[in-house]
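Provided herewith is a single structure, encoded as C-alpha cells, for subsequent inquiry.
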C-alpha cells in the first residue's frame, strides 16, 4: 500500500482521516484537503495548482532550453531569410517594420500564447486539444494536420534543393560562377541560354531543375532532385523518429547554427564594397507606404506564418511541458527572437545585395562606356560632348552619369537609338527578389565574388538546411503527436511510414515541372486554410469556451493572472484582425489571375502563365480538402454520428479523471467533517464570484475547466446534503 494512503496515515497519526471507495479503487493518494483549493473550510485565498500525475507516461523535454530551441527552430525558418527582406524592401523599407511590429503585438503574441497555453494545459496534440475545448469544432485539429501534410510535402523539396547546392559547393570555382562552353568541333561558344540570362540563373533553371517551359509538360523525374529529396526525408525521419527524445537533441544544433552563420555573413558583408548602400536603402523609410492597405495585409500574413500559428506544431511541442511552465514568458521570448532574427537576416541579405548591386552597376558603366567610345570613334557622337576630365579607362559611376545626362539632352530626338542604360545604383537596389530567386540566384551570384567563395557557399546552404530542418521537425511533430495521442500506434513505425508515403507523394515536385507545383502548393495549400483554422481556434476559446473561464484556467495553471491586455486581444481585437485578413486574402485571390512564372528556354527568362483548367481545379482542391474536416466533424457531432473523442483518452487523462472522482467524493465528505465549529456544516454550494474577484476560485464552480479532467464534469454529481440550519 502506498506510503501516503489514508490507511497508512491512520497507523502514524491520531488525526481524523477519511477514506473513500474511489481512493481504494483508484489506488491514488487524494489531494491534501487542508491545502487544496477544493477544501471548503480550508485556508481562504491559498491557491494550489492542480497538476496531472507526474508519471503519466507522456514524454517530456529534458530541459527548458531544449524546448525553447525547438519552438525557435520551428518558428524561425526559410521565410525569415528570403520573404521578410523582400517584403521589407517592397513595402517601404524601414517603414514596413512599424506595421509589422504593431501586428506582432496585436495578433502574433496573443495567439501564440493561446496555442502554447492550450497545448500545455490539455497535454495533447491539436486533434485532442480542440476535441476537448469544443467537440463540435474538433475538425480544427484535423485541418491543421492536413495543412501540415501539404506543407511538409513541398517544404522538404526546398531542403532537397539546398542539399544539392551544398554538395555542389565543394569545388572551386563554384559551378554557377561561369557559363558553360559548348564545343562544336574546333568552335567553342558560350551556351546561348546562359549568355542571355546569367550563369547563376542558368545553373538554377537548367542544371539544377532542368525545368520545362510549362506545368503541363512534366518532363519526367529529375534524378538529381529525386536523390536529394530522398536524402532530405531520411534526415527528417532520423530527427523525429523517437519523438522529442531525438528531435530535441537535433534542435541544439539546427536552431543555433543558423545564428552563427548569419553573424559571420553580417561581419563579412559589412566589409564588402557597397554593403552600406544596401543597408541604407533597406532602412530608408518610405512613410507614404504605411497608408496602403496592401502593406498591412502582407505584414499580417508574415506575422501569421512567421510564428507557425495553426500548424499544430506549437501545440504539440508545448504539450510535452510541465503543467506549471510559464508559457506566457515563452510566447513573448520566442516571438521577439523571431522578430530580431528577421531583422538580422534582412541586414545580411541587403549587405550582400548592396555589394551585388555595386558590382552590377560597375559592369553596366563599363559596358555602356564601351558603347559610347564606339559611337565616338564612328563619329555618331561628337567628342565635344565628353567633359575633358573623363578617363574612359577608369570610368566612374559619377562620370558616366554626367556623360549620360549630356548625351540625353543633346541627342533628345535620337537618344533611344543609342540604347544606353542609365546605370543608376538605386535601380539595381530596387530589383525585388524573394524566395528561391533570392536564395538560389541572387545570393549565389553575390557569393561568387567573395574571396574563398566555396567556404561561404557551404556555410550558406548548410544554414538553409538547418533552418528548413527545424521547421520540418515542428511540422512533422504537428502530424505525429495528434495521431499518437488519439490512436494506439507504434511511434517509430508510424513515423517511418509517414516519411515513406511523403517521399513518394513528393515525387510530384521533383519532376522537371516540379518547381511549378511547389509554387502552387505554397500559394494555395496553406494561406487561406490556416487563417480560417486560427480564427476558429481564437473563437472557440474566447467566445465558446469563454475568455473569463480561460483566464481563470491560466491563473490556476501559471500561478498568476495574465494581463487584461490578453483578455481584450482574444475577445475582440485578434478576431477582428483575422476577419479582415481573411477578407483581404479572398479578395486578393479573386482579383489576381491564378498563374505561375514559367521559365521559357527560347527567351531565357521568366514569363507569367495562367494555370490550365486541370491545374486550376487542383489549386482550389487543395483549399477545399484542407478545410473539409471542419464542416464534416461539425455535422457528424451535431447529429451524434461521431463521439467527442472521450473514449480515446490517454493514460494521463484517465488517471486525472479518476483523481477528479476521488476529489469530488472527498469534497462531499468534507462538507460534513470540516466545519469551523462542531456541528457546523459548510454550504453545499460555494459562493460564485466573477473573474476579477479575489484569487482561489473553487474548481467546482467551473465544471468545464480547460483541462483533460473536464471529462469528470459529465459524471453524475453526488447528492448534496441539505443546508445547515446555521446558514
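Just so you know, glycine gets a Cβ as well, placed from its N, Cα and C.
No curator has checked TrEMBL annotations; they are predicted automatically.
Quantities reported herein were computed from a predicted structural model and do not represent experimental measurements.
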Check each of the ranges 428-454, 455-481, 644-670, 671-697 against TrEMBL and return the one annotated as transmembrane segment.
455-481
Do you know which of 565-591, 700-726 TrEMBL annotates as transmembrane segment?
565-591
When you look at the transmembrane segment (455-481) alongside the transmembrane segment (493-512), do they share 3+ Cβ pairs under 8 Å, ignoring any pair fewer than 6 residues apart in sequence?
yes
Could you name the stretch, out of 139-167, 256-279, 332-353, 565-591, 611-639, with the greatest number of CB pairs under 8 A to the transmembrane segment (299-320)?
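By the under-8 Å Cβ criterion, the transmembrane segment (299-320) pairs most with 139-167.
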Can you tell me which parts of the same chain pack against the transmembrane segment (97-118), counting only residues 6+ beyond its ends and a CB-CB cutoff under 8 A?
88, 129, 133, 290, 295-296, 299-300, 302-304, 306-307, 309, 314-315, 318, 327-328, 330-332, 334-335, 339, 343, 534, 537-538, 541, 550, 554, 557, 562, 565-566, 569-570, 573-574, 577-578, 706
As a test: from 139-167, 455-481, 565-591, 611-639, pick the stretch that has the greatest number of Cβ pairs under 8 Å with the transmembrane segment (256-279).
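Going through each listed stretch, the top one turns out to be 455-481.
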Can at least 3 Cβ pairs under 8 A be found between the transmembrane segment (67-85) and the transmembrane segment (332-353), with each pair 6 or more apart in sequence?
yes
State, in range form, which of 332-353, 565-591, 611-639 has the highest count of Cβ pairs under 8 Å to the transmembrane segment (139-167).
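Out of the listed stretches, 611-639 contacts the transmembrane segment (139-167) most.
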By Cβ distance under 8 Å, which residues at least 6 away from the ends of the transmembrane segment (332-353) in the same chain are close to it?
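Those are 68, 71-72, 75-76, 80-82, 84-85, 88-89, 97, 100-101, 104, 108-109, 112-113, 259, 262-263, 265-266, 269-270, 272, 275, 278-279, 281-282, 306-307, 429, 433, 438, 442-443, 446-447, in sequence order.
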Counting only residues 6+ away from its ends, which parts of the chain sit with a Cβ under 8 Å from the transmembrane segment (611-639)?
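Non-local partners: 135-140, 142-143, 146-147, 150, 215-216, 520-521, 523-526, 528-529, 532, 536, 594-596.
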